[in-house]
Amino acid sequence: MATSAALLQALLLLGLLGPAAAAGARRAAVVCAGSACYTAHAGKLSAAEAQLHCSRNGGNLATVRTEAEAWHVQRALAQLLQSEAGLEARNRKFWIGLQREKGKCLDPRLPLKGFSWVGGGEDTLFTNWHKEVRNSCTSRRCVSLQLPLSPQPQAGSLPKWSEGPCGSPSIPVSNIEGFVCKFSFKGMCQPLALGGPGRINYTTPFQATSSSLEVVPFASVATVACGDGDHGQEQHFLCREKAPGVFDWGSSGPLCVRPGLVCSFNNGGCQQDCFEGGEGSFRCGCRPGFRLRDDLVTCESRNPCSSGPCTGVATCVQGSHQEDFECQCPPGYQLDASQRGCVDVDECQTSRCPQECVNVPGGFRCECWVGYEPDGRGDGACRDVDECAPGRSPCAQECTNTAGSFHCSCAEGYVPAGEDGAQCQDLDECADPGRGLCDGLCLNTEGSFRCGCLPGWELGADGVSCAPGPTPAPVASSGPPQGEDAGDGAAQGVASAPRSSPTRAPEGASAEAMATKGPSLAPTYPITLAALDVQAPSGPPGVRMEPSTRHPRATAGRGENSDEDFTAKHSDEGTDGQKLLLFYILGTVVAILLLLALALGLLVYRRRRAKKHEEKEKKPQNTADSYSWAPERAEGRASENQYSPTPGTDC
């Protein structure tokens, strides 16, 4: 039994207790079970600060992969709430080690929704989300356990998972009251047994102290003080690995035994049965199916699986000799190098899916590429998505479905527009004069263009070229002809159409047939500007419009044998000719007005300038303006004063 102070000094030198243990570690709620310990801490820290606190002691923020882990965490929180009265009346949240980094989006198909454990991995057999996870990829998100408002957690319910911002040292997250850490170990020791009055205090490698642990982690130090007072002699024990997978304190028998108490105090320190002997002696025993361990206090099952040698999802199967065992893994897992735990098998290495394979803990799932969807047969096969189906097409005009995608295009006369090319805008065919689409004028229309000609020209049958039109006849005289010259002039001013009446029409000739040969004008009917409208198309002045999404040449000649179409075209062209004439008149008037405005401005400027010059000449005169100085040369020529006493001077 190691009881000397030299053992404690050696432990401190090895750093097993740490500075906090030597000086008195901060007390935290501790629960140890299986091969891990869970500690609950109070403090308004950010998730990063909480993780740093756990990692400094060799752990991480707690994982809750199984329901058993969830119950262990709840027990640690219940201990903390009993010792921290200030936490009872608030809606409390505690950080755990489940986070989603910035830029990683929500994946609702996964149990963890795209989150991962800070210690690594995304596997879990247990989830307990409080509400639907927020779909956000722009910030880091962290998960906390949300406890109810009651002072103690309800026995039949586990804390819910709540995700939210991770906080920062300068901006703490509201309602965060603390965090939970997890520390994993290679093995555990059974608690020491007291056969008489005394105290045991355990100091763990993660700098937590406790007097009551179900199992004690490897490398922990137990301080035992026998007696009723506080000044009893202390003994120190170290949990160490005696053999591979076997951990004990290196001591045998109960501690602090008193001869007069034997089995009456704490069952003699025995785990199961205590048998008294003579002269105040006793010994520990085990029930059927168990055997006494080397510490002579605790019992272990004769079934090797009773100690839980397999970890994680592995299950223990007892061997045929009742002393050996084997760890087995569920489907989708395989044994690790220690043969005590299981690791996931990556089924996607064998490419079982037709398109995309996603490995998940214990299995895999098939997904389809973008532009494909599952065909519904359940074998992972995918089928093409018809993006151009009615009601689904993203294209403004024409949509062409392709394998796994689609293609947008525009009708003739339009060009693609927009960032994705799904929209269409009109192509201005007339913007580039060098293309030579029209011989005369070119007018852009929605999806096409139209050609036209200037006054005096006619649009050709091809809808593109222009040809000189017929010269308008002069206005005929309304009076009777005056001799031979008058007759000649009248003949020149009238179109060469025969002067006939309905009674003199040739036999078999209808009025409609005569109308197609050309207009018949009476000698006394004046020719007006309306006669020039035949050369003007609809639309801009002087343009013959042929609305079409094709080239004007494709529409030329259609309907030329139809009298009604011919009349309708001439009517439209007459209207456009009037518009052209009106535009010319308005343009001339505007030009004249501009010239008048310029002349008026020049006149005003000259008048102002003349007025300033006159005002300058009419300045008021002073008294000296009526006098003038005599020239010096005249004084020199004056005769000398003969009365002057001095010649050459005045009196």
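Each Cβ is built from the backbone N, Cα and C atoms, and glycine gets one as well.
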(request) Would you mind checking which of Cys299, Cys327, Cys329 shares a disulfide with Cys310 in TrEMBL? (result) Cys327
(request) Let me know the model's mean pLDDT on the domain '4Fe-4S ferredoxin-type' (331-363). (result) 88
(message) How about long-range neighbours of the domain 'EGF-like' (384-425): same chain, 6 or more residues beyond its ends, C-beta under 8 Å?
(response) 369-373, 446-448, 549-550
(message) Restricting to the chain of Cys327 (disulfide bond) and a gap of 6 or more, list residues whose Cβ falls under 8 Å of its Cβ, or answer none.
(response) Pro309, Cys310, Ala314, Thr315, Cys316, Val317, Leu335, Gln339, Arg340, Gly341, Cys342
